[in-house]
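Undergrad: Structure in structure tokens, see below.
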């Protein structure tokens, strides 16, 4: 007898999709999560004998093998076993049999081929039933990526839009981002990112066998999202010049970037900056089933020589000396956190892990960063894998300003510059508000515990080159410094200074502000004030000088004086970058050689409002009204509204805006037809060659059609 054959298979996509929270994936094959059973109905060519079973084979990747756990052969049994692939017969009617298959909670993730044969048939008569995709499972308590809260799983795994915080510490701005992990082809693209990695190219079978481990997978993704080393997804650019590509601020989400990379045969997409890398990585990891969020750190240190201090060299006008300053403090930096267990470090380091795809420093010869346990960072355990010292410095380094004199000597300058690692922010679960998570990264500033942790980290970082209580730090250019000298604060001067805005700084308008100086002593003082101003990138790298002036000021005892400063639109308009940022500096030289540096980072404000006119229902067109304003004192033409939103419209919409008179307001209307229910993010940007993009977003609650 030839034996019974499987003639067809019903993958029960809607039942399995609902049970596995995968119904949003649009791909043709079944998508399920590991450690959880799913059902299939098989049509057989006849009845199975009572002793006969069905034998299933699952395999993933090239050269799949049971030794590497990339292949499993198992037969229908009565019970599920926790740590192996199992098949249990659920029901049978005639020649139709429903089987429940389950994978172990540490199964390799990826695309699998499923085959089956009756036990009476020869070994090589397996019938290929088709392919399915297996993902990580934050709903499964035995999975390393398990996350207990359903609200958090909805936010960090299933929400396909989010908010990225940018700006400066005193003026944090929310920007919408379309993660779009359930859009067409995105799951395929995310799996192909793993297959394009150098580890896979070198040894595909071994690489695939490691894909059960979120530590391994997330580290590979952090390297592959940037294009350094590996023709990864996004090419970084921090020079302010974006020819031959798209400015980082033009992107509204990850979908267009991932599709462009895939369709362009894996040619890196130009260009990204930190929030673009973080937005793309969030899409990829949510898509693969790992709970992930985007985190912004304000006043973020980039400590190139790993001495826990950001050393900035300035001239007598407070201008950054680029050729001497290797370290930097960015206005903000954006990275990711993913939630999983650290089997390599032990349970106290489970939970949120920092991952950073922005190519800043090499780690093990590759531009990748993380996973670094947030708990380890908070406790100063910087020696633990991966990249603890770099992340610790980003939130804890000292910011030290040096005045570089013409004779090449240098001296510490007292600066009012804010502490590093402020207002660490992420989007709230289930709402658009900002949550401050600084307390997850460090103990309260100035507390005893914070100082203890800092000392512990310094000890771990510098123990190699320590002599007693002093540490020699080899610096760039061959200069060295004793660590305890470096930690001594600069002498506090006898005057205080602060920049104050007299009017809110608005794009297209003149800037009106004052430098307020206060004499803290009861004797009169003379102060030489050297003022400079420059348009900057968000990395605080100067682009062009727009202010350079000096004032001699006499301050009576305890007197406060205001020096008015005006910067006209014509002074900054040519050199303003898309970051819309200006850095002002005042080097105040007091008698007796005292020096004070006062700095202010300004972000120019703009305006756009979006209203949805009426209830939003799946499949029904609804009007959207956008109010835009020409920020300039001149007429502008060729403005365009760029509109995007997963589940609200297909791809991107481009709408021409009529020409706008100086500072004119205009209403623009268009329709959208939602395709998915629930809260959906609609992004609308006003784009023009005459000024940086003006970005806005609104959340639209879409009801299901009755």
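Placed from the backbone N, Cα and C atoms, the Cβ positions cover glycine too.
Just so you know, TrEMBL annotations are computer predictions that nobody has curated.
On a predicted model such as this, the values are computed, not experimentally measured, just so you know.
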Undergrad: Which is it, of 1-22, 23-44, that TrEMBL names as region 'Disordered'?
TA: 1-22
Undergrad: Nearest by CA distance to residue 398 (Ca(2+) binding site): which of the active-site residues is it, out of 274, 333, 356?
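TA: So, spelling it out, the nearest of the active-site residues is 333.
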Undergrad: Return the count of C-beta atoms lying within 10 angstroms of the C-beta of residue 396 (Ca(2+) binding site), excluding that atom itself.
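TA: Total other Cβ atoms inside 10 Å, all chains included: 24.
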Undergrad: What same-chain residues, at least 6 away in sequence, bring their CB to under 8 Å of the CB of residue 356 (active site)?
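TA: Listed in sequence order: 222, 277, 278, 335, 336, 369, 370, 387, 391.
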Undergrad: Given the binding-site residues 398, 445, which one is most crowded in terms of C-beta atoms within 10 angstroms?
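TA: In terms of Cβ crowding, the pick is 398.
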Undergrad: Want to know which recorded positions, from 333, 445, 450, are within 10 Å of residue 274 (active site) at Cα; which are they?
TA: 333
